[in-house]
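Novice: As annotated in Swiss-Prot:
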type: BINDING; residues: G615, P616, N617, M618, G619, G620, K621, S622; note: ATP binding site
Amino acid sequence: MATKSTEKHTPMMQQYLRLKSENPDILLFYRMGDFYELFYDDAKRASQLLEISLTKRGSSAGEPIPMAGIPYHAVEGYLAKLVQQGESVAICEQIGDPATSKGPVERKVVRIVTPGTVTDEALLPERFDNLIAAIYHHKGQFGYATLDITSGRFKVSEPNTEEAMLAELQRTAPTELLFSEDFEPVHLLEKRNGNRRRPVWEFELDTAKQQLNNQFGTRDLVGFGVERAEFGLCAAGCLIQYVKDTQRTTLPHIRSIIMDHQDDSVILDAATRRNLEITQNLAGGFNHTLAEILDHTSTAMGSRLLKRWLHQPVRTHDVLNQRLDAIGELKESGLFADIAPQLKNIGDVERILARLALRSARPRDLARLRNALQQLPELSQTTQEFQQNHLLTLAASAQPIDSICELLERAIKENPPVVIRDGGVLADGYNEELDQWRDLANGATQYLEKLEQEERERHDIDTLKVGYNNVHGFYIQISKGQSHKAPAHYVRRQTLKNAERYIIPELKEHEDKVLNSKSKALAIEKRLWEELFDQLLPHLEQLQSMANAISELDVLSNLAERADTLNYCRPVLTKETGINIEGGRHPVVEQVMSDPFIANPIKLNPDRKMLIITGPNMGGKSTYMRQTALIALMAHVGCYVPADSAEIGTLDRIFTRIGASDDLASGRSTFMVEMTETANILHNATKHSLVLMDEIGRGTSTYDGLSLAWASAEWLATKINAMTLFATHYFELTELPNLFTGLANVHLDAVEHGDEIAFMHAVQEGAANKSYGLAVASLAGVPKSVIKKAKQKLQHLESGQVSVPATSTTVKEEHQLSLIPEISEVEEALANVNPDDLTPRQALEELYRLKALL
């Protein structure tokens, strides 16, 4: 927004412009009565983003001032829309008293809502993490920090390549990303909402260390194991400063920072996460993903933890076996069936505690926290049956916290209002002084009944009543027929059709006392509300530990239920290289198919590291490859897998080159996308990687594609020695196992019945003998006349004769293409000619002979 002189504006608009100048890059919601108003460019932008009316208010330099507004009671819905579009909003409230203000009511920005720092329940995706991140770049190296403000989970890492950095961005999917003004690889930031440019100095190392030490109350960062991660700390320092600035309060729930070591995880690049459809399908939705099948958790915080596990598979066998042991006990004992319903009543304690830490928790947050704590005794009874060490550790952290539960039971009403603003939150009996003022504020009904009875008897007026309304306050009402009996000290206040209303000094005095008591009771209640936070915050760490334990117990119990319901087996994790699966199934496809899923084995080891997979389209090659990767992934998450048995060696990375589409925005063709992903695999795969390669080379000419596919397969097999599944339609590649050790052919079979085809979906040893392309084309609805013509062409090709209408030349061709084309007779004859040995006449004769060979 351009700078605007405030001299020619009203005092209110001058105040607005001053506040806007302090928040120039974000929308300012300026409270005016029952509305939040936006002006100038903010109003234009908000009207577009929120689809609200753009109006005008006053003028500036002779031009009307654009204005847009939203009702204050509906603000959460509008904030949610803006946050989803990556926008940030400064909320400016009236903090002064309009009755005592001279000039505009005092206002100030009380909070800044940004996509990565929201904690309000209405603005957050319930079952997905909401992260804010900062990225730092220096001479090809990266520092990366992420924070989940709703849990206090603060992590830092140092990806050493652009490819690794892109994979981290894909894995963490931050809703807000901070970057320096001099950040160079800006292509990493493309196609993202919520990017925030920050000053260079916020990323300085010394500033970062000071910010972090101030946050944690430490002298140095050695105890967190991040002292030497200087690039990561630069990002983390900027991040913590930004969050403090937006929250306008302390952050007591952020007590540590964790170094995310890539060596501890199985690395999945961006293409692999997309192709395996872990938490998002290829269309961008949640349906038919691995998470949809596995996530039957009882709590939202458990659901978020499971997705973190799925996106960051672990290489450490101790951690994995600990999870598998726990799942095994819950499954075999059947305790998962008891735990799930108990956890359903606990709710999202993790995010409630974040709002408690930020002192933004609402009355119903504390009511839900109370309800959660009330479930712990029953859960504790169930967990007494645990025997496995890790389950016992979780049970110890999820024990009842009686003191806090009792405090909340005494303090909060059973069904409190949404906000503290109008009171009515704290329970009767919690505070004696509050109860006294409330009794008075509620009108002291007993006093009024006594006054009514006395006045009625004293003046012999049986229609006399004492009443109250918001306009006239307390009054005495007498019917028209008896109004002549009203004593002289009754002062008429209102005349109705059938009655007169009066006021007397005693009633006026009581009214003043009652009205004063309401404001007094509200002030006391708000003070006690803040004191309640002070009583709860010292227990924050214990409460967070409880929430973390319940989250993990929820995930383990859920995975036990999934293993039991879906007939999964426990994988055996080995240190040796290899994958040996019997009766493997695709976890998603088997659930969405109406027909029984055909289970298949796979065996990869040092003597059999690459499978060349052939077979018809729709035969199941891609499903077979993906299920192998998903089973390996699930084993490294520490959960049971869809197979009869599975032995999984340690993996360092999983790569997939499956399918492709044009990247029009970047000007990259399908083939370019395919080759970029292939290059990434050939550069970064190791002998401990699992590589899935599907139809390499099909986006270019036959010989180019075949050559690239052959060379890629040979490189993976001989130079990298990665465990590889290589699906292809180039049947020449089935010769590779005859040329190199450690390779084998397998195929997915099909059976033809006349013009129909039946896909067997069973993996067989050896190469396929047909591709069944015409049968698949017929299934797809290609016109019969086209299929008929194709069959004729196929017969000509297979017989070695192809008629080319443009010439009379007959092309002879083998049934299978060769990798290196054979030299033609003309080329061979020409190669044998030495021009220096020929006379002019001989040269002319040789030329005629060569022409005759064409």
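Every residue number used here counts from 1 along the chain in the order it is shown.
Cβ coordinates come from backbone N, Cα and C, glycine included.
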Novice: List the residues in the vicinity of the ATP site, defined as same-chain residues other than G615, P616, N617, M618, G619, G620, K621, S622 with C-beta within 8 angstroms of the site's C-beta centre.
Specialist: L748, F759
Novice: Counting every protein chain present, what is the number of Cβ atoms, excluding its own, within 10 Å of the Cβ of P616 (ATP binding site)?
Specialist: 23
Novice: For G619 (ATP binding site), what is the secondary structure by DSSP, using just helix, strand and coil?
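Specialist: G619 (ATP binding site) sits in coil per DSSP, no helix or strand.
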Novice: Would you count the other CB atoms within 10 A of the CB of M618 (ATP binding site), including those on all shown protein chains?
Specialist: 18
